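Q: What follows is a single structure, and I will ask about it in a moment.
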């Protein structure tokens with residue numbers, strides 16, 4: 001009968017662990033190009049970390065970046081802007097010089113008015129949930145999503161919510177041609193429009209490309 005020979009534990013330790021070779025990967029010498037590349041990448045990472053992040057809306061409000069300074073809250077400063085806006089809105093409504101005729105209220109006219117920019121328009125509050133705002137008039141200096149900021153003739157900036165408020169603005173018609181004056185034709189009355197603020201709660205930049213569809217308004 002054969003007898004199995006058992007190896008002592010020290011033999012297994014010596015064969016499998018102690019005498020086992022460890023293979024090391026040879027180190028590669030870095031070239032000058034690789035060194036420059038690593039230096040550029042390190043500088044780029046440091047530069048990205050130092051780049052300041054944009055301010056949040058809360059930080060902008062706390063810094064009063066959008067507030068008008070008292071020196072700019074003057075009605076006379078924005079009167080030239082209002083004159084420019086009148087020329088702009090006449091061009092939008094195709095009211096050229098000599099075309100001093102009443103403009104029919106059509107869907108195309110309403111679409112032009114809804115997509116127009118009202119910075120510089122002189123608005124008057126004709127109806128509001130807050131009765132104290134009725135009769136307020138001023139030039140628009142900021143057209144936000146939910147409010148109009150107006151500069152009144154008393155050099156005061158008023159913030160008027162659009163919701164529950166109806167605004168009115170007037171567009172003077174151009175003077176008639178000399179031939180029409182010779183025929184005794186008088187200038188027609190100015191155009192008066194009303195904006196329902198509850199249906200106008202869109203930023204000026206977003207209104208330019210937005211299509212408004214007519215629908216039933218339960219609050220009218």
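Using N, Cα and C of the backbone, Cβ positions are placed for all residues, glycine too.
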Q: Which one of these stretches, 1-58, 59-116, shows up in TrEMBL as region 'Disordered'?
A: 1-58
Q: So how many of the residues in the region 'Disordered' (1-58) end up helix, strand or coil by DSSP?
A: 31 helix, 0 strand, 27 coil
